[in-house]
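Step one of this worksheet: look at the structure below.
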Amino acid sequence: MANLTIRKLDDALKAELRQRAAGNGRSMEDEVRVILRDAVHQRHGFATSLPQAGGAAAEPGPGDVSPENQTAFVSDRPSTARITLIVGGGIAAYKAMDLIRRLKERGAEVRVVLTKAAQHFVTPLTASALSHQRCYTDLFDPQSEFDAGHIRLARDCDLIVVAPATADLMAKIANGHADDLATAILLATNRQVLLAPAMNPLMWANAATRRNVDQLKRDGIVLVGPNAGEMAERNEAGTGRMAEPVEIAAAAQALLAPPSPRPLLGRRVLITAGPTHEPIDPVRYIANRSSGKQGYAIAAAAAAAGAEVVLISGPVDLRAPDGVTLTRVESARDMLDAVEAALPADIAIFAAAVADWRVASEGGQKIKKGEGGPPPLQLTENPDILATVAKLGDDRPPLVIGFAAETENLLANARSKLARKGCDWIVANDVSAAGGVMGGDRNTVHLLTKSADTVDVESWPLMTKDDVATALVARIARELEVHQS
Ligand SMILES: Cc1cc2nc3c(=O)[nH]c(=O)nc-3n(C[C@H](O)[C@H](O)[C@H](O)COP(=O)(O)O)c2cc1C
C-alpha cells in the first residue's frame, strides 16, 4: 500500500484534519486511519465519524425509545455510539442501572463492567438484562481474556463512563493502578473518560480526594457532579451525591457529539504575535528572539476554525496565514494602538513577546561613536498591552488569554501573571535556551485557566507549535460551548 504523507496534503485540508484529530483526541495519523477505515466500510463521511468498533449496531428495542423523545446520540450517524459503563461500589450503583436505560434511550450501546465492590450493591444479571449485553466483572476471566478482553473494553468504544466513581476508584485512576478489570480498562484506554463521583461529603472534601480530582482533570478526564443534597447515611447532607442519570447521560452525549468543523464561526479573534522592536535611534533597536511562529500558528488554526482573525504582528519573517487580516507593527506602543483599533473582539490572545522597556529618549539621528564612550541608555516602561485590555470595561473581550514565556519558576510565575494582569487564561512555556522554543517548531505548554477563585493547570505534552495552536483553539471552542449551554 502506498504511504500517505500528511505533510503533503494541502494546507486547508491539513488544518481541518488537525482540528478534527484534536477534537477526537487522536494523532493526525490515527485520525486518517479512522477516516480510511470508515470510508472502506462506507459508514460515514469526514465530518462526523467516531471510532468504530467491529460488530453491528444494536437495534433499539421497543422499551428503549424514550417517551420524551430524547435526542439520540446517533441522530446524525448511521452507527451506534458504544459506551463502556464502569460501576463502582457505592450506594449509587443502583442508579447506574437507571443510567443504562438513559444511555440506551439515546441510542447508545452499553457494555457494563461491575467492580467487585459494586456486586455487593447490584448484580451482573440486572446489568446484563438492562443492557442486553454480557456484563463483565473479572480481569482474569478466561472467556473474555482469550483475546485480551480488557483491551477491547478499553478501546472498542467511543466513551467510558464511570458511575458511581467511588473515592477509591478515583484514587486508583489518578495513580495509574490496574489491579482489577475496571482499573485495567481505564489505564489501557485512549478514549474520553467521564466520571460521576459519588461519596460521603467528608470523603469528597478530604485533601486526598481533592488532590486526586485535580490530577484527574489535568489528565483530561471529565467530571459530572457530584451534586449537593441528602446522603444515604442518616442525618448527612452535603456535596457528594452522584449526578442524576439524566445529567450523566446528557454529559456523555455532549462528549460524544461530533466536533463542529468550524467551531469559531461568527467569532472575532484578535491575536498578537512576534517580538517588538524598540528604537534606540533611526538605525538601532532593542529586540528579542521571538519568531512569531506560535502566534501565527494560532491565527491559522483560529481561521481554519471559522473565526474572523485579526493578527497584529511585530517584525517577523512569516507569511500571513490564509484568511487572516494582518497588521504589521514595530514597537509596543504601535502594537497597543493597533490592538485598541481592532477591538471589539470575542477572544483576545496575546502571544507577542512585547518588550517590557524602551529607550526613554530615542535619538532623532544616528548616535555617533564618540570619545565620551558608550552612550547611557535610560530605559522606561512600555505600556502593558495584556493588562490594559484585560482591565477594559465594556470593550473587554469575554475571553482574554496571555502568554507567559519564562526561563525559571514557570508555573509560579505564570500563576502570579494570571492574577496580576487580570486575564482569564495564561499559556505558560519554558523559553530557556536548552528547550529551543524561541525560533523552534515545537513547544511544551501549560494552560492555566481561572474559574471563580481557583486556577486549573493543564500540562500538555511536547507538541509542534501547529498542534499547540490547534489544541488551544479546540480548548477555546469547548469553553465557548460550555458557556453557551
Ligand atoms: C454500604 C457501603 C456504601 C458505600 N458507599 C460508598 C460511596 O458511596 N462512595 C464511595 O466512594 N465509597 C463507598 N463505599 C466504600 C467502597 O465500597 C469501597 O471503598 C470499595 O473498596 C470501593 O471499591 P471500587 O472502587 O473498586 O468499587 C461504601 C461501602 C459500603 C460498605
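Glycine is treated like the rest: Cβ placed from N, Cα and C.
Among the features that TrEMBL reports, region 'Phosphopantothenoylcysteine decarboxylase' is placed at 1-268. According to TrEMBL, the feature domain 'Antitoxin FitA-like ribbon-helix-helix' maps to 2-40. Marked as domain 'Flavoprotein' by TrEMBL: 82-250. Summarising the annotation, TrEMBL assigns region 'Phosphopantothenate--cysteine ligase' to 269-485. Here TrEMBL flags Asp356, Lys366, Pro383, Asp384, Ile385, Leu386, Phe403, Lys417, Lys421 as CTP binding site.
Structure with TrEMBL features highlighted.
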{"residue": "Asp356", "record": "CTP binding site", "DSSP class": "coil"}
{"residue": "Pro383", "record": "CTP binding site", "DSSP class": "coil"}
{"residue": "Phe403", "record": "CTP binding site", "DSSP class": "strand"}
{"residue": "Lys421", "record": "CTP binding site", "DSSP class": "helix"}
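Figure note: comparing Cβ neighbours within 10 Å for the binding-site residues Asp356, Ile385, the maximum is reached by Ile385. For Phe403 (CTP binding site), other Cβ atoms within 10 Å of its Cβ number 27.
Close to Lys421 (CTP binding site) in the fold, though at least 6 residues off in sequence, lie Asp384, Leu386, Ala387, Ala390, Gly402, each with a CB less than 8 Å from its CB. Listed in sequence order, the residues of the same chain lying 6 or more apart from Pro383 (CTP binding site) and placing their CB within less than 8 Å of its CB are Ala332, Arg333, Leu336.
In the predicted model, the domain 'Antitoxin FitA-like ribbon-helix-helix' (2-40) has a mean pLDDT of 71.
For the binding site of CTP, formed by Asp356, Lys366, Pro383, Asp384, Ile385, Leu386, Phe403, Lys417, Lys421 according to the record, the largest Cα to Cα distance is 37 Å, rounded to a whole number.
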